Every structure is written in C-alpha cells, then in structure tokens.
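What follows is a single structure, written as structure tokens, with notes after it.
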Amino acid sequence: MNKLSVVILAAGKGTRMYSDLPKVLHKIAGKPMVKHVIDTAKKLSAAQIHLIYGHGADLLKQHLADEPVNWVFQSEQLGTGHAMQQAVPFFQDDENIVMLYGDVPLISKETLECLISQKPENGIALLTVNLDNPTGYGRVIRENGTVTAIVEQKDANPEQLKITEVNTGVMVSDGASFRKWLARLDNNNAQGEYYMTDVIGLANQDGFKVVAVQAKDLMEVEGVNNRLQLANLERHYQRKQVEKLLLAGVTFADPARFDLRGELTHGKDVEIDINVIIEGTVRLGNNVFIGAGCVLKNCTIADNVEIKPYSVIEDAIVGNNAKIGPFSRLRPGAELSENTHVGNFVEIKKAQIGKGSKVNHLTYIGDAEVGHHCNIGAGVITCNYDGANKFKTLIGDNVFVGSDSQLVAPLTIASGATIGAGTTVTKDVQENELVITRVPQRHISNWQRPKRK
C-alpha cells in the first residue's frame, strides 16, 4: 500500500458567514469544521496533513495549536488549483495525495477509503454525487462512461448545465502526477482562477484514467458557505449520532432534542430526557437517568444514578446509586461516592463526598473532603479562599453540619461532630463535639413595631 498524505484547503474567508472568525473554525457539534476533517485524516493514518491557510492565520494556529499539521500559507486565494500548488513542494512522488476541504466537515473515513481503493495507477479517483438541482456545482463530463473533464458552472454551456452529476472537489492521485498537472494549470476561465478541476482534462490528455466514485450520503460532501448550511449539517450530524445511540439501546424522550458534542459510551437501560447536552468524553453506567436540560462534560457516571433536571456536571466522577439535582452543579474535581445525594442549588468543586452523605440544599463545597454518612445542611459554605490562596476543609464520618454554617478553611472536623445551625467554624473540631457560635436569643415583651410616618 502506498503511503498517504492529505491536503486540506482552509484558506477561504467565508464572506457569507458574516463573521470575523475564519469559516473553517465555525463549529459542528462543538468542534471546528476543519478539526472534523483533520480527525478524519488521522483515521486514514496520513503520513502528513498539509493545511492550506490564509485568512485568519493567527486564529487558525491558535485553535489548532495541538494538531499535527504542516502549515502551508496561501498569500492570495486564486482558486483551488493555486491552493494545491502551494503544497506541491511537500509531495513525495510515490505517495497518494488526498485533497479535502476544511468546510466539508462530515466526509467519512469509509468513503475516503473506498475512493482511495479505486484510484487507477498514475490516474485520478474523483468523488462525485448526483443532485436534483446541480446549480452552482462543476459538472462531470463523460465520454462513453469515462470522465474526461469537469466544467465549472460559469464556464458550462447549456447542454452541460443539464448534467446532474457534479464534482465534490474530493480527489486522490499520486504525488508525481499531481505535481506534473498542477504545473500546467492556467487561469484562462471566467473567474480568472486556477481550477483544480482542470487536472481532470490534463490527465485525459496524458492518457491516464479518471475514475468517478459516487458518494452514498449527500451530506458527507455538503460544504458550508453560510450559517443556514451550517445549521443543516449540525442537525444531520446530530440525527446520525442519535440513531446510533437508539440502535445501541439508549432511550430518548425526543431524539430531536439532544446534542452530542463529543463521545458518549453507555451501559444498558439509559434514559435521556429532552434538551440534554453531552460534551467531551462522557461515560454512563447501567440504569442511568438524565433529566431535562442537563449538561454533562468529561464525566463518569456509575450505575443506577439519577440526574434530575437542569444539573451541570463537568470533569467529575459520580458513584453508584447517587442522586443529583435538580439544579446541581458538579465542577471539575468533584467526586461523589455511592449512595450520595446532592440536591438543588448545590455546587461542589474539587471535593470528595463520602458514601451515603447528603448535601441537599443551597450549599457550596469546595476544596474539601467529606466523609461517609454526613449530613450537610442548607446554606452551608466551605470558605476556601482568603483572597489570595485556597485552603482545604476536612470533614470526618457521621458529621452533622447545621444550616447556614460557614466552615472557614483550613479546617478539620473530626468524625461524629455536630455543628449547630448558624455557626461560623474557624478552629478544628474534635470527635463527637458540638460546636455552636450562635448569638444568644433575646425575648422582648410587648414589642411595638415601627409605624409609617
């Protein structure tokens, strides 16, 4: 098998997006379009990924800083052929070169593998598609079934405009052939540009075969020029993801109201209500229920967990049989053991909650360790920040913390301790102690309320 490299054209401005952001950085499923294409190139085990860039160079490099791409600058956007010419110095003669586009994000590894497998020796394999309305696309010209040329819309005659088979722009040939044909391109056309499609005619002139492979899924080769097209591809992508999950046994209250912006793995009997968003890498165990409006990002959820509506979980771990929400927030570093309860308007950050413990109402637990079978009352705050540094709160097992208490870190509360409601704790608490700092209650008889003047 020949070595393979990929060229991704990503230099365009995207005027019709009406945005300062380069077009290829607009997102599908929470990921820049060009990143989808790069990920597909990686799946092909490409030896090199050449990224042709121009407009928005700094933003592109910022967003793709961790990607293994060869940055190839195109100072002027003079057509697809001109873009490919910039990458020619990096081609090896005996490698296959696949040409892709940063604004065609849903092209699949399987489709490209099929295309590559059909490439004739020293020839070209071209990805095409039949459209009911081919307006705007380059028409595929055939003679006796053989592809002889591609004519762009603005250069086509009336008979050619009737053709419904169109060029997707995706093609593969070897490095030596591309180098030879790209050197012979001219811009003698209505646009004054160097068309990559002209290499089809050059290949025929040289007696080399051009094979057309039809894409099975039209949406794989749909490009994005405006936000309507972007939204259509987003919905198509989400439908495909939901179909896979449904067939794998996940129940959705409404498949049209779910967004997957990453990777979801799951056990059996998972149920997901409406308007749930999954981001990053999320792992769900068996018998997990996710209520309406929840957002889960980079988290692991064990078996028999109930996540009630409008809870947000990010970079957290949740143990078996936990109950979360509604309106709970688990921030990075939150770890809930089995049989824990975290209730409404509770925020937990960088803290471990022991098995059987409950934090049910209006509470902030940050930079803390809470032992087993504790009860943290409503309105409790771990005061972990002094304006410059963070400090930790350690709570043992079987601790009861009364409502509206403040735990000023650094602080240790030993097992079995009880903190009375309304207490501000500033010193360590020993085992089985009761701590209370409440102001003494006063009773004033025959109190007269103030009267309005």
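Using the three backbone atoms N, Cα and C, a Cβ is placed for every residue, glycine included.
Fair warning: this is a prediction, and the values are worked out from it, not measured in the lab.
According to Swiss-Prot, the protein carries these features:
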- 1-227: region 'Pyrophosphorylase' (REGION)
- 9-12, LYS23, GLN74, 79-80, 101-103, GLY138, GLU152, ASN167, ASN225, ARG331, LYS349, TYR364, ASN375: UDP-N-acetyl-alpha-D-glucosamine binding site (BINDING)
- ASP103, ASN225: Mg(2+) binding site (BINDING)
- 228-248: region 'Linker' (REGION)
- 249-453: region 'N-acetyltransferase' (REGION)
- HIS361: active site, proton acceptor (ACT_SITE)
- ALA378, ASN384, TYR385, SER403, ALA421, ARG438: acetyl-CoA binding site (BINDING)
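All features noted in Swiss-Prot, drawn onto the structure.
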residue	record	CB count, 10 Å
LEU9	UDP-N-acetyl-alpha-D-glucosamine binding site	29
GLY102	UDP-N-acetyl-alpha-D-glucosamine binding site	28
ASP103	Mg(2+) binding site	24
ARG331	UDP-N-acetyl-alpha-D-glucosamine binding site	16
HIS361	active site, proton acceptor	16
ALA378	acetyl-CoA binding site	18
ASN384	acetyl-CoA binding site	23
SER403	acetyl-CoA binding site	17
ALA421	acetyl-CoA binding site	15
ARG438	acetyl-CoA binding site	11
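Using a Cβ-Cβ cut-off under 8 Å and counting only residues 6 or more beyond its ends in the same chain, the region 'Linker' (228-248) has close neighbours at 17, 26, 28-29, 105-106, 219, 222, 255-256, 258-260, 264, 266. Cα proximity to ASP103 (Mg(2+) binding site) (within 10 Å) is found for the following binding-site residues from LEU9, GLY12, GLY79, ALA378: LEU9, GLY12. The binding-site residues recorded for this entry are LEU9, GLY102, GLU152, ASN225, ARG331, and the Cα of ARG331 lies nearest to that of ALA378 (acetyl-CoA binding site). Of all residue pairs in ALA378, ASN384, TYR385, SER403, ALA421, ARG438, the annotated binders of acetyl-CoA, the farthest apart have Cα atoms separated by 23 Å. Looking only at the region 'Linker' (228-248), the predicted model's pLDDT averages out at 98. Secondary structure at GLU152 (UDP-N-acetyl-alpha-D-glucosamine binding site), as computed by DSSP, is coil. Distance noted between the C-alpha atoms of GLU152 (UDP-N-acetyl-alpha-D-glucosamine binding site) and ALA421 (acetyl-CoA binding site) is 77 Å. ASN225 (Mg(2+) binding site) is surrounded by 15 other CB atoms, counting those within 10 A of its CB over all protein chains shown. Ranked by Cβ neighbours within 10 A across all protein chains shown, the binding-site residues GLY12, ASN375 are led by GLY12. In this structure the alpha carbons, written CA, of ASN384 (acetyl-CoA binding site) and ARG331 (UDP-N-acetyl-alpha-D-glucosamine binding site) are 15 Å apart.
Cα to Cα, TYR385 (acetyl-CoA binding site) and ARG331 (UDP-N-acetyl-alpha-D-glucosamine binding site) are separated by 16 Å. Looking only at Cα atoms, ALA421 (acetyl-CoA binding site) sits nearest to HIS361 among the recorded positions GLY12, GLY79, GLY102, ASN225, HIS361. The CA atom of ASN375 (UDP-N-acetyl-alpha-D-glucosamine binding site) is located 10 Å away from the CA atom of SER403 (acetyl-CoA binding site).
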